[in-house]
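Enquirer: Below is the structure I would like to discuss, written out as C-alpha cells.
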Amino acid sequence: MDSLNLNVINDDEHPIPNQDLLEKCFALVADKHNISQAEVNVSIVSNQEIQQINKQFRHKDKPTNIISFEFEKPEGLPEDIAANFWGDIVIAPEVLKKEAKEQNKNLDDHWQHIFIHGLLHLLGYDHIDDIEAEEMENLEIELLAELGIANPYIEQEN
C-alpha cells in the first residue's frame, strides 16, 4: 500500500498555507526519489521557539525559517518500525512571512520552497560545501518549476 503521511502540528494556530500545498510538495519530493511510503512530522512554531531550537541544536542564537531533523534509527529498533519515517521539520511562519516580504516573493511560493528545502535535508541533502549546495539548489529549482514556481535564487525586483 502506498501512502505518504504528513503530520502537521500547529497548536498555537500560526497562519500557514493550505495544508494541501505542503502535501503536494511532500508527494513531489517523494515521487522524485521513487518513494511511495513516507512519514514526516511538521511542527509550526513561534520565532521564540525556533530560536531556542536553533540555539540548542545549531548553536545559532537567532530565529530561522526551518530546521530539519533527519530520523536516525536507534540501535536495536527493528527495521520495520519507523522504516518510512524521514524525520521532523520545525517551521517558523513569522520568519517565512518576513523573508517573503523582504525578497518580494509570493508567500505560498516561499513556503513551498522552504518546505521542499527542509524535506531534502531529511533525505540527506545538504549545503555545507559549494558542490552540495549547487546540487541541492538545482533540485529545488527543478521541483519548484514542476509546481509552476520561479527560481527562488534569482533576486526579485521590488
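All residue numbers here begin at 1 and follow the chain in the order shown.
In case you wondered, yes, glycine gets a Cβ from its N, Cα and C as well.
Residues annotated as Zn(2+) binding site in Swiss-Prot: HIS117, HIS121, HIS127.
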Enquirer: Check the binding-site residues HIS117, HIS121, HIS127 for other C-beta atoms within 10 angstroms of each C-beta and report the one with the most.
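Expert: Counting every other Cβ within 10 Å of each candidate, the maximum falls on HIS117.
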Enquirer: What other residues of the same chain, not counting HIS117, HIS121, HIS127, have a CB atom within 8 A of the CB centroid of the Zn(2+) site?
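Expert: After dropping the recorded site residues, what remains is SER68, GLY118, LEU120, TYR125, ASP126, MET136, GLU140.
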